[in-house]
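Annotated features in Swiss-Prot:
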DISULFID  Cys30-Cys51  disulfide bond
DISULFID  Cys74-Cys95  disulfide bond
DOMAIN    30-130  domain 'CUB'
CARBOHYD  Asn71  N-linked glycosylation site
SIGNAL    1-24  signal peptide
Amino acid sequence: MKLGSAIPWALLFSTATLISTGWGLDYHACGGRLTDDYGTIFTYKGPKTECVWTLQVDPKYKLLVSIPTLNLTCGKEYVEILEGAPGSKSLGKFCEGLSILNRGSSGMTVKYKRDSGHPASPYEIIFLRDSQG
(Lines of atoms letter the chains of each structure in order from A and count residues from 1; the text may use other names and numbers.)
(Lines give C-alpha, C1' and ligand atoms only; values in the text may rest on other atoms or scores of the structure.)
Protein backbone atom coordinates (compact mmCIF):
# COMPACT_ATOMS: atom_id res chain seq x y z
CA MET A 1 0.00 0.00 0.00
CA LYS A 2 1.47 3.38 -1.01
CA LEU A 3 1.63 6.17 1.57
CA GLY A 4 -0.96 8.22 -0.33
CA SER A 5 -3.48 5.40 -0.12
CA ALA A 6 -2.58 4.60 3.49
CA ILE A 7 -3.65 8.01 4.78
CA PRO A 8 -7.42 7.50 4.22
CA TRP A 9 -7.22 4.11 5.97
CA ALA A 10 -5.39 5.61 8.94
CA LEU A 11 -8.03 8.33 9.12
CA LEU A 12 -10.78 5.72 8.95
CA PHE A 13 -9.33 3.67 11.80
CA SER A 14 -8.68 6.70 13.99
CA THR A 15 -12.16 8.08 13.28
CA ALA A 16 -13.68 4.64 13.87
CA THR A 17 -12.05 4.66 17.29
CA LEU A 18 -13.49 8.08 18.06
CA ILE A 19 -16.94 7.11 16.84
CA SER A 20 -17.02 3.88 18.81
CA THR A 21 -15.94 5.71 21.97
CA GLY A 22 -18.74 8.25 21.88
CA TRP A 23 -18.00 10.67 19.07
CA GLY A 24 -20.49 10.36 16.25
CA LEU A 25 -24.05 9.39 15.55
CA ASP A 26 -25.35 5.96 16.48
CA TYR A 27 -28.17 4.22 14.59
CA HIS A 28 -30.08 1.29 16.08
CA ALA A 29 -33.21 1.50 13.88
CA CYS A 30 -33.92 -0.88 11.01
CA GLY A 31 -32.96 1.00 7.87
CA GLY A 32 -33.32 4.54 6.64
CA ARG A 33 -31.55 7.23 4.67
CA LEU A 34 -28.40 8.48 6.42
CA THR A 35 -26.84 11.71 5.16
CA ASP A 36 -24.48 12.52 8.02
CA ASP A 37 -20.74 12.82 7.40
CA TYR A 38 -20.10 9.89 9.75
CA GLY A 39 -21.92 7.49 12.02
CA THR A 40 -22.25 3.95 13.26
CA ILE A 41 -24.98 1.42 12.50
CA PHE A 42 -25.40 -1.05 15.34
CA THR A 43 -27.20 -4.38 15.63
CA TYR A 44 -30.95 -4.09 15.07
CA LYS A 45 -32.66 -6.44 17.52
CA GLY A 46 -36.29 -5.91 16.55
CA PRO A 47 -38.71 -8.21 14.72
CA LYS A 48 -37.86 -7.17 11.14
CA THR A 49 -35.65 -9.60 9.20
CA GLU A 50 -34.33 -7.17 6.58
CA CYS A 51 -32.97 -3.67 7.09
CA VAL A 52 -31.69 -1.35 4.34
CA TRP A 53 -29.70 1.80 5.04
CA THR A 54 -28.92 4.22 2.21
CA LEU A 55 -25.74 6.21 2.92
CA GLN A 56 -25.19 9.48 1.06
CA VAL A 57 -22.65 12.27 1.46
CA ASP A 58 -22.00 15.38 -0.62
CA PRO A 59 -21.21 14.24 -4.21
CA LYS A 60 -17.75 15.84 -4.12
CA TYR A 61 -16.70 13.36 -1.40
CA LYS A 62 -16.33 9.57 -1.20
CA LEU A 63 -17.68 7.24 1.45
CA LEU A 64 -15.51 4.90 3.48
CA VAL A 65 -17.28 1.97 5.13
CA SER A 66 -15.74 -0.23 7.80
CA ILE A 67 -17.26 -3.30 9.45
CA PRO A 68 -15.05 -3.82 12.52
CA THR A 69 -17.54 -6.01 14.39
CA LEU A 70 -19.19 -8.77 12.41
CA ASN A 71 -19.92 -12.12 13.98
CA LEU A 72 -23.02 -13.33 12.16
CA THR A 73 -24.23 -16.90 11.71
CA CYS A 74 -23.19 -17.61 8.12
CA GLY A 75 -26.02 -19.19 6.15
CA LYS A 76 -28.65 -17.57 8.37
CA GLU A 77 -27.75 -13.88 8.23
CA TYR A 78 -25.45 -11.48 6.39
CA VAL A 79 -24.55 -7.85 5.73
CA GLU A 80 -24.44 -6.85 2.07
CA ILE A 81 -22.84 -3.67 0.71
CA LEU A 82 -24.05 -2.18 -2.58
CA GLU A 83 -21.97 0.37 -4.50
CA GLY A 84 -24.82 2.88 -4.81
CA ALA A 85 -28.57 3.08 -4.34
CA PRO A 86 -30.66 -0.03 -3.54
CA GLY A 87 -30.56 -2.34 -6.56
CA SER A 88 -26.97 -1.34 -7.44
CA LYS A 89 -24.12 -3.79 -7.95
CA SER A 90 -23.28 -5.80 -4.83
CA LEU A 91 -19.76 -5.41 -3.42
CA GLY A 92 -20.25 -8.56 -1.40
CA LYS A 93 -22.12 -10.32 1.36
CA PHE A 94 -20.30 -10.62 4.68
CA CYS A 95 -20.99 -12.69 7.79
CA GLU A 96 -17.70 -12.50 9.70
CA GLY A 97 -14.37 -10.75 9.89
CA LEU A 98 -13.20 -7.22 9.27
CA SER A 99 -14.11 -5.48 6.03
CA ILE A 100 -13.18 -2.04 4.73
CA LEU A 101 -14.69 -0.62 1.57
CA ASN A 102 -13.85 2.53 -0.38
CA ARG A 103 -15.41 2.55 -3.83
CA GLY A 104 -14.92 6.17 -4.85
CA SER A 105 -18.63 6.86 -4.58
CA SER A 106 -20.60 9.35 -2.52
CA GLY A 107 -23.37 6.82 -1.93
CA MET A 108 -23.62 3.22 -0.76
CA THR A 109 -26.34 0.91 0.50
CA VAL A 110 -25.99 -1.39 3.49
CA LYS A 111 -28.39 -4.30 3.85
CA TYR A 112 -28.76 -6.65 6.81
CA LYS A 113 -30.82 -9.80 6.30
CA ARG A 114 -31.52 -12.76 8.56
CA ASP A 115 -33.74 -15.82 8.50
CA SER A 116 -37.10 -15.50 10.21
CA GLY A 117 -36.91 -16.87 13.75
CA HIS A 118 -33.12 -16.45 13.93
CA PRO A 119 -31.96 -13.89 16.53
CA ALA A 120 -29.79 -11.01 15.38
CA SER A 121 -26.07 -11.46 15.96
CA PRO A 122 -23.77 -8.50 16.74
CA TYR A 123 -22.57 -6.17 14.02
CA GLU A 124 -21.18 -2.65 13.85
CA ILE A 125 -20.89 -0.73 10.58
CA ILE A 126 -19.03 2.57 10.52
CA PHE A 127 -19.39 5.03 7.67
CA LEU A 128 -17.33 8.13 7.12
CA ARG A 129 -16.97 10.87 4.54
CA ASP A 130 -13.44 10.79 3.11
CA SER A 131 -12.01 14.24 3.82
CA GLN A 132 -9.68 13.92 0.83
CA GLY A 133 -12.65 13.77 -1.56
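Any Cβ shown, glycine's included, is placed from N, Cα and C.
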Least buried by Cβ count (within 10 Å) of the disulfide-bonded residues Cys51, Cys74, Cys95: Cys74
Recorded positions compared (Cys30, Asn71) - the one with the fewest other Cβ atoms within 10 Å: Asn71
Cα distance (Å, whole number) from Asn71 (N-linked glycosylation site) to Cys95 (disulfide bond): 6
Secondary-structure category, per DSSP, in which Cys30 (disulfide bond) falls: coil
Between Cys74 (disulfide bond) and Cys51 (disulfide bond), the C-alpha gap once rounded to whole angstrom: 17
